[in-house]
Amino acid sequence: MTNCIQGFKDYFCRPKNTNVRLKLPFVCFAWQIAMIILFGVFVRYNNESDAHWVQNMAQNNITSAIENDFYYRYPSFQDVHVMIFVGFGFLMTFLKRYSFGGVGFNFLIAAFGIQWALLMQGWFHSLDPSTGKIYIGIENLINADFCVAGCLIAYGAVLGKVSPVQLMVMTLFGVTLYAVEEYIILNLLHVSLDAGGSMIIHVFGGYYGLAISWVLYRPNLHQSKHLQGSVYHSDTFAMIGTLFLWMFWPSFNSATTYHGDGQHRAAINTYLCLTSCVLTTVAISSLSQKTGKLDMVHIQNSTLAGGVAMGTAAVFMVSPYGALIVGFCCGILSTMGYLYISPFLEKTLKIHDTCGIHNLHAMPGVIGGIVGAITAATASESVYGMQGLINTFDFTGNFKDRTVFAQGGYQAAGMCVAMVFGIGGGAIVGAILRFPIWGDPADENCNDDDVYWEVPQDEEDQLERNVGIKGLFYDWHLSPSRLKFQNAGPV
Amino acid sequence: MTNCIQGFKDYFCRPKNTNVRLKLPFVCFAWQIAMIILFGVFVRYNNESDAHWVQNMAQNNITSAIENDFYYRYPSFQDVHVMIFVGFGFLMTFLKRYSFGGVGFNFLIAAFGIQWALLMQGWFHSLDPSTGKIYIGIENLINADFCVAGCLIAYGAVLGKVSPVQLMVMTLFGVTLYAVEEYIILNLLHVSLDAGGSMIIHVFGGYYGLAISWVLYRPNLHQSKHLQGSVYHSDTFAMIGTLFLWMFWPSFNSATTYHGDGQHRAAINTYLCLTSCVLTTVAISSLSQKTGKLDMVHIQNSTLAGGVAMGTAAVFMVSPYGALIVGFCCGILSTMGYLYISPFLEKTLKIHDTCGIHNLHAMPGVIGGIVGAITAATASESVYGMQGLINTFDFTGNFKDRTVFAQGGYQAAGMCVAMVFGIGGGAIVGAILRFPIWGDPADENCNDDDVYWEVPQDEEDQLERNVGIKGLFYDWHLSPSRLKFQNAGPV
Amino acid sequence: MTNCIQGFKDYFCRPKNTNVRLKLPFVCFAWQIAMIILFGVFVRYNNESDAHWVQNMAQNNITSAIENDFYYRYPSFQDVHVMIFVGFGFLMTFLKRYSFGGVGFNFLIAAFGIQWALLMQGWFHSLDPSTGKIYIGIENLINADFCVAGCLIAYGAVLGKVSPVQLMVMTLFGVTLYAVEEYIILNLLHVSLDAGGSMIIHVFGGYYGLAISWVLYRPNLHQSKHLQGSVYHSDTFAMIGTLFLWMFWPSFNSATTYHGDGQHRAAINTYLCLTSCVLTTVAISSLSQKTGKLDMVHIQNSTLAGGVAMGTAAVFMVSPYGALIVGFCCGILSTMGYLYISPFLEKTLKIHDTCGIHNLHAMPGVIGGIVGAITAATASESVYGMQGLINTFDFTGNFKDRTVFAQGGYQAAGMCVAMVFGIGGGAIVGAILRFPIWGDPADENCNDDDVYWEVPQDEEDQLERNVGIKGLFYDWHLSPSRLKFQNAGPV
């Protein structure tokens, strides 16, 4: 690496060793065992998932099992679960030879992150001080999925350039930072509503990833340039991810909002916002090309920006047309981001953002935060009704005297907290990830599944092999990703 | 085009210009802005999605938030949403070089159509005359998805042969026609039950698409014949679409039926009907080939015909075996359609139907309408119970004295209305689409994503490039879709 | 076949005829017609899906339509449905040229099996002796899907080596055996809890498939060795199956557990168990390779073992950390199975297990049964509460005096029954399938879709054709799966 500080040069610039045979299993085992111990000490079923629930029903005036929170939230939970694993996973299969890494490492870090998130969020939000236990139910599972989403967003920035061990470290710290940030925003600032996490998830996750990518900048990444694009089928695979994210985003934004009209309205707002986002994305994408052709990168990503931006205000009375306007702006801004801001980030700020998370998550998240602040500040009893206002903003307990205008200010403050945690945390974690002990790939091996995966021999490889066997008058090598003639010409 | 009327020849037969750089963005922006304005004027949250709901609960004797219609319908809604975007989208990825167009344009027109459908259906069904506002909730979202399904069916007939601008126009008119037709069928004829839209969605959408395809007939389509088939992986992608449609069809047919046994029975009937449809599809597909091989086209499409045909009668007491019989017949007829009717339509009637929507939607839709009419006419109080009969057929208000026999007649009349709207509307819209201003592709560029999309360079392209660089003794061109030797032979 | 008994040699060793043009349609039609007749005689809507429900509500003290069992189970049902068709289907697309067979035959046999399962399970569990009718509702549909899962598991062992007719026969017998086995385990032994079917589904299905594969052993399977692996995109397709199975397994294990905390707890336990399983799978997979590379086979399969093993005990109070421990062990054991047990089974026991169902279903199912037995035997009133204990173990009627310790014993007995039925039934069905009348492929045609499917001409084929046309100085054949030079060298 050319930008090594001289003193550390020998240490940091050793040739890369991508053998993770000891590191990866060690990390997996160590952390999984730690999880088991911590779960054993701390985690129990909550009231509604415990076998005693049935005898508590009568005491709590619950007349029917359908009142169990499970039935309010489980369908949304499963949709969110699909977004985390298939949505994020397949969205990252677009690279021509990094589909295994995209979907596979996403799977690994999400499965780990979920467990750690249950603990971290549990300590901050579900700990019963009298027993010292965390009591979990369906809402905790949703929140753990949300928390992991922040780390998967960050993965998008460094896709193809890090090792699975680095990703595990990144997720460990990411979840930790997330839980602290969430506690500050939700409990201390009482930003009661960031149901879909525009700020907590997307702003934090986006800047966290960008800061890490900035620290890990590779000036010679062009050495693996032949692997940086997509192929026809990998782009089609990525559309699976896009569509499942797009379709289930209404569930994402409504999964944890309050029962009844809260969930109902959040779903409607998100649905509308996303439809309008598709149209402006297509418009700008087409405008940007000489002959009006559409770019798959924009369709795969910018169409989702509306869901991100609706995250904070989903449950607010933004009105159907308000939701359409938010989507309208996000489609434009996000697509412009891919056209102008990403190249700028890379050239000027030296931030290489593989999936363009700045345009899909960070920027729309900021918009979402602003929309939330404005909508909160302008909320009125005539629009919400007395009880609706209390439900929506949770003006209870210590916060029952807060005005909507003050609430708007706190919403804005919450966004700053998310940004600070993202950038600051990312910079520190990035520095940790630069230590040459994590098995990250050399510049010329980036974006190549061959480094961390047993990759099957494809047709083209077979062509190579067969041609070789037949003793033809020239040798060639048609490996699927690299293609060179070694000895061309007639014998 | 050879069938141009002489007088218009110069105008209609100009060389094709597929540059949509101004048209497409203009249409997207203009329509999205129109949507925002119209939503601003007309659309509001309905009672159950408004923040006032919580204080209205007590007045309406609702004791629990779980009574919100959201919890009855949201899981089905999400399934329908998946069918619209992943189901229809991936079903249309089967062409070897039109997967982007299949899934991408499906995405675009569905997102636009949903908004327009909310307005059009809202004016007819959810407008409160006292306030002049449309009040929307979860059921409106489902109905908007249904409405768009009609247009996506029509897209199947013209897949690969039209520009995105034409598709937008087609969707604008399609949704409009659909809403009027639906109003006539549901409100004027009081065809109270077409829950899965055999007639309203599938018959209308099918004939609408076929009529458009007939008007847009391309006699020289064989010029892009090399792109008309599928490849191995594109067929596998299409199976994603098939399966999500097949699995979620019970949700489609039960999404808007009445609470309780209505949704329950509709799901069971559709589930059973589809299983039996798979077996007869396989049987006929195997019979049709000399060595009994199965044809992916049949498996991908005809297995779904049962869901279409169960659309009208899903909520009726057709009995489990009745549902199996419907599926049995549909599998046979639909597969026969692919074998005999599609070629006939193309050769004799000059209708080119890319996806075979006649066999998958139009014909099974007609069967569904007939099944619905018969089942309605033979309904009896002993089978349904007094209240069940009223619930199922909605014999209330002006229609409380209608007999089941008369209802059967009205069901049949409803099907005719759907067919007339489809054929008539499609012919007119087709004529509009023939104006040479919409950027449609030339015959030799049909079924080719290269026209409207930035298509990534695949391995084969790279082969081409590398071979070129190495200065071999012959030049070849292995572009993924076209493959020509330009200068073969030893130097 | 070399191991033919001499006397039967002429009969059993005739050259293979894979033409299924008459057999397959005959079987499909005959069985579908039989289904229709049997459904006509036996199957009716149950109380909650019948139109009379609405008038029965008042009599049964049901105050709201949301109390219909449909709303408790439908979301889970749809998730299970996705697992059966997309999950199992796509998991079996990993072979390079058997994706159509994997997803397509899975579709066929599942659609048939569901109908037969409704009947078989109905006769044993839902038959009203007074009317002689089977009354079905949403829970029956879920159980039918479960039953079919057993047969799809068995398909995994013989994937690529059998004809669709054999699969239909296998499914007919499989469902029959399953229903008897289930009756013995659930009703006679009163193993009240095997909600996710560790024993009933996975142990039975696993050993059923292995026994069939053992009887059908092909010593010369290496003749189709070039088709036994995966290619890059087929592995990505298989990940779709893996992820949908993984994500929806909480629904699988909670779909039929008792309302309220039962479903809630089953979902949480399964969710946790699966997350921990991913980490240990990755760890062992990485450890097993010289350079720590991950193997897609492990990631696609062993990550799911936790869901299998949680099947029996999902609804028990195993505690969150207990679930993590089960997943921890299963990931290790299942991956080890792929590394050591599968080769052993093939070499020593002559069992070829295409998908490794021994490691994914049979072995984790046994673990699940053991976990269930231990958890049942150690259950106490302090953990469950009085009512919780009765709910969970269904200690009512004849079984109300059974102790938890005895219950543990019966759980273990249940597992033995499942295993006996699997091995015994599989051996007999395997013998039936060896008759040379079912159209199975020759050894050299295994794993090849060309035998039973119209396979589209791919790019590579086109290359072949074009090169041929151009009269080059050498002939080659680049068919997608086989690649040979026939006449190489300069002219």
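Just so you know, the numbers here start at 1 and follow the chain as drawn.
Placement of Cβ uses the backbone N, Cα and C atoms for every residue, glycine included.
What TrEMBL lists as domain 'Ammonium transporter AmtB-like' is B:68-435.
TrEMBL lists B:24-43 (among others) with the feature transmembrane segment. For the transmembrane segment (B:24-43), the residues of the chain that approach it from at least six positions outside its boundaries are 112, 115-116, 118-119, 122-123, 127, 132-134, 136, 164-165, 168-169, 172, 439, judged by C-beta separation under 8 angstroms.
Distant neighbours of the transmembrane segment (B:80-98): 106-107, 110, 142, 145-146, 148-149, 152-153, 155-156, 159-160, 227-231, 234-235, 237-238, 240-242, 244-245, 248-249, 251-252, 255, 296-297, 300-301, 354-355, 447-450, 455, 480-481; these residues of the same chain sit at least 6 beyond its ends, with a Cβ under 8 Å from one of its Cβ atoms. Under the heading transmembrane segment, TrEMBL lists B:80-98 (among others).
Through the fold, the transmembrane segment (B:105-124) approaches residues 28, 31-32, 35, 38-39, 42-43, 84-85, 88-89, 92, 134, 136, 140-141, 143-145, 147-148, 151-152, 155, 164, 167-168, 170-172, 174-176, 178-180, 182-183, 187 of its own chain, all at least 6 residues removed from its boundaries and within a Cβ separation under 8 Å. Among the features that TrEMBL reports, transmembrane segment is placed at B:105-124 (among others).
Residues 43-49, 69-70, 73-74, 76-77, 80-81, 83-84, 88, 92, 105-106, 109-110, 113-115, 117-118, 120-122, 125-126, 167, 170-171, 174-175, 178-179, 182, 197, 200-202, 204-206, 208-209, 212, 255-256, 357, 361, 426 of the same chain lie 6+ residues outside the transmembrane segment (B:136-155) yet bring a C-beta within less than 8 angstroms of a C-beta in it. Feature annotation from TrEMBL assigns transmembrane segment to B:136-155 (among others).
Per TrEMBL, transmembrane segment is recorded for B:167-189 (among others).
Annotated transmembrane segment per TrEMBL: B:195-217 (among others), in sequence order.
The transmembrane segment annotation in TrEMBL covers B:229-248 (among others).
Here TrEMBL flags B:268-287 (among others) as transmembrane segment.
The transmembrane segment annotation in TrEMBL covers B:299-318 (among others).
Taken from TrEMBL, the feature transmembrane segment applies to B:324-345 (among others). Sequence-remote contacts of a segment are chain residues at least 6 beyond its ends whose Cβ falls under 8 Å from one of its Cβ atoms, and for the transmembrane segment (B:324-345) they are 210, 272-281, 283-285, 288, 295, 297-298, 301-303, 305-306, 308-310, 313, 318, 351, 353, 356, 358-360, 363-364, 367-368, 371.
Listed by sequence, the residues of this chain that lie at least six past the ends of the transmembrane segment (B:366-390) yet keep a Cβ under 8 A from its Cβ atoms are 193-194, 196, 198-199, 202-203, 261, 308-313, 316-318, 322, 326, 329-330, 333, 396, 404-405, 407-409, 411-412, 414-415, 418-419. Summarising the annotation, TrEMBL assigns transmembrane segment to B:366-390 (among others).
What TrEMBL lists as transmembrane segment is B:410-433 (among others). Outside the transmembrane segment (B:410-433), and at least 6 residues removed from its termini, the chain residues within Cβ reach (under 8 Å) are 154, 162, 166, 169-170, 173-174, 177-178, 180-181, 184-185, 189-191, 193-194, 199-200, 203-216, 312, 362, 365-366, 369-370, 372-373, 376-377, 402, 440.
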Subject >> Tertiary contacts of the transmembrane segment (B:229-248) (same chain, 6+ residues out, Cβ under 8 Å) >> reply: 79-80, 82-83, 86-96, 99, 274, 278, 296, 299-301, 303-304, 307
Original post:
Hey, which bits of the same chain come close to the transmembrane segment (B:299-318), Cβ under 8 Å, at least six residues off its ends?
Top reply: 91, 94, 193-199, 201-202, 235, 238-239, 241-242, 245-246, 249, 252-254, 257-258, 262, 265-266, 269-270, 273-274, 276-278, 281-282, 284-285, 326-327, 329-331, 333-335, 337-338, 355-356, 359-361, 363-365, 367-369, 371-372, 375-376, 379, 383-384, 388, 392, 411
